[in-house]
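S.K.: According to TrEMBL, the compositional bias 'Basic and acidic residues' annotation covers 51-68. The region 'Disordered' annotation in TrEMBL covers 1-68. Marked as repeat 'TPR' by TrEMBL: 243-276, 323-356, 363-396, 443-476, 523-556, 563-596, 723-756.
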Amino acid sequence: MADKIPVPKLDSGTRSRLKAVQANSVPSTREYEERSQFAMLGNSMTNSLEPDSRDRPSAFSRGVEESRPQSAAVPENFKVAAIQLLLEAARRYYESARYEDAASLFQQVVQLPTGGGNRSQSAEALYWLGKIFTAQGKWNDVEAYYSQAQDAYASVGDHSALAKTLKELGGVYYRQSKLAEAEESFTLAKNIFDSLHDDQGRADVLYTLGEIYRHQCLYTKAVLSYTQAEETYARVPYEQGQANALYWLGEIYSSESQYTKAASAYARAEEIYGHVNNFTDQADVLYKLGGVYRRQCLYAEAISSYTQAEEAYARLSYEQDQANALYWLGEIYSSESQYTKAASAYARAEEIYGHANNFPDQANALYKLGEVYRRQSQYGEAASSYTRAENFYAHIGDDMGRASALLRLGDAYSAQSEHNKAASAYALAEGISNHVENFPDRADLLYKLGDVYLRRSQYGEAVSSYTRAENAYADIGDDMGRASALLRLGDAYSAQSEHDKAASAYALAEEISDHVDNFPDRADVLYKLGDVYLRRSQYGEAASSYTRAETAYAHIGDDMGRANALLRLGDAYRAQSEYTKAASAYSRAREIYHHLSNDEGEANVSCGLGKIYFGQSKYTQAASFYTEAVSIYAQIGSDEGEANANYMLGDVNRRQRKYTDAISTYTRAGEIYAGIPDEEGQANTLYWLGELYSNQSQHAEAASSYTRAEQIYGRISNDKGQADALYELGELYRRQSQYVQAISFYTRAQEIYARIGNDEGEGNVWQRLGETYYIQYKIPDATLAYVRSEESYARLGEYVGRPSAWLW
């Protein structure tokens, strides 16, 4: 305050000396001359203590001016005491942040003649002027005054004050980032403190040297300085300084991944902070200790430290720090699959971040909460968390965060088979990621978007997404990602029956996988490549791929994969009529399926073996295996397998002319196909039932079966099946001499064969039409039909002579 006198209470000696100066008694002339100069100085001192601050500087100035011309000597003890009072007054101004008043008094002390004890006081005034200008950030003045103070203290031999000044000067350099000059000043100060055995000063300087070295990343020097500072503070003792030094040792060790040393330093610092009741620093060091334990995977210790830190921050009402501790607790619990605890920690952190309006960290906590829910298959809760996170990221303009949240939102929807919502989320994420430089998950995003399209049978879109994903993986040098994307690209092409493109994609995936250590899908790539070759009737290549796939599955210990590859290998050999090799592959597959207690696999093998014998016209053995398969499929509730096995058993019975048995098995197959439903399978059984009834002259049943088959084929757009059924209806009515109906069915069949470019079918129909017209003596119509028949066969490179025989 301006109206308060900023000086300490005077001691009795000083007070009596001032009284002597101000006494009313008149001294002798000699005495007066000796005292006159100091008397004026004393008056100025008295005026400087006047309550009205406006009077103090001018009063002092007048006193100094009046005293300067006097040359008579004044007793030294009077000078020292008066100047000491000025210094005390100036220091009080400094402590009250009245820097201009303080500087005025200190400068006047400096301007007094130096002599005797005043030299030390002048040095002190210079030192304090340096502190004043430091507080004001006037660095040039600061350096000048500290340098003068340094010289002054050196001249009077005050080494303690000299060290203190060097320390302050080092601090000034440090604040200006003049680290070399700061290091030099602190080192000089340290050497003096060492010689004076001043542990407090030495420790302070060592601590600050540690700071300098740390900021320069000179960690070896920093560790040495902090260690010496800590040891010295322990001797002083000064526990706060000791704990601070240990804290920064922990920071350095942690940054260099020396976690054991870091943990030791932090733990000692935490104990000392607790001892001196410094709860803020204690909480901070507990938080740091949790981080060190977390990086060492010492999760129990990390949880303990973070928990203590969180509780301490809560007591201190440091919400941001409390939320941070909870966040990392969530991270640890999540990594340990303790999802309930993780969710609780993330949820509390998110709530606190929200209370503090810390939207970036709130968004991150919500994202992590979504991750926890997703891993627990709580997809609804996950979707809610990801949605809220995306909204916050949008609010703060964090496109990368938005894209990441939308990617995971798509995952949550996809896991619930909500493919439309998943596609929408992935597509929006992909659009945003286009504006994010180096978005790390762009390739994964495109890959997953392809998966959604594939599940929705949007094969064109799937192909586009997988192609772009493969390119994105190539851009970042991720060969495993490339191979995976190419594998899925092959699946998309295969689903569209674009087998050449599928084969190309699978082959490239297989080639890339050769350069990827432990590519998890290599065996799958080879297996699917074999499937493509099998569909393209490239049986040798198929056998090679399946053989390599079986070896790859064996390498990774996937017995189910091995058995499936062997089953397909048997199919490839069987298609080449290499029945011995096929039987061997099937038998090996059966052994593995039996070992795995996989009844469906064993039933599939039985079907394969039945096909081997069927292909060799060994119908009894074929029927045995098919019957075995029907029984297993029925037992395990595999409707599709049971229907297929009954269908094949019907083929065997039909070949053996066991019409009753054939009708029974075909009918059973048709009933199951209808219930699945599998309309194509149902139509196929009806077609063959039509043939069986026709062969037994059960014309009504035959017509009904063919008609139903034709209707189903038409409904599912199976043009060839529909045309074949119409042709057989024509045959059925022709044999009954119902020519009008026969011609109608033949004509419809011919139109379809012509539309789909089936020259053989069209040739057969024209021939039958020719015969039907001829029987009715419609020679021109018959002639035209036979000519058309010959044209159709000619397109096949065949010459059929029978129509000409009818003509001539």
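Cβ from N, Cα, C; glycine included.
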S.K.: Do you know the DSSP helix, strand and coil residue counts for the repeat 'TPR' (243-276)?
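M.R.: Residue counts in helix, strand and coil order: 30 helix, 0 strand, 4 coil.
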S.K.: Which whole number is the mean pLDDT over the repeat 'TPR' (243-276)?
M.R.: 98
S.K.: Counting only residues 6+ away from its ends, which parts of the chain sit with a Cβ under 8 Å from the repeat 'TPR' (363-396)?
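M.R.: For the repeat 'TPR' (363-396), the far contacts come to 323, 327, 330-331, 334, 337, 339, 342-343, 346-347, 349-350, 353, 402, 404-406, 408-409, 411-413, 415-416.
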S.K.: With the repeat 'TPR' (563-596) as the reference, which stretch in 243-276, 323-356, 523-556 has the largest tally of C-beta pairs below 8 Å?
M.R.: 523-556
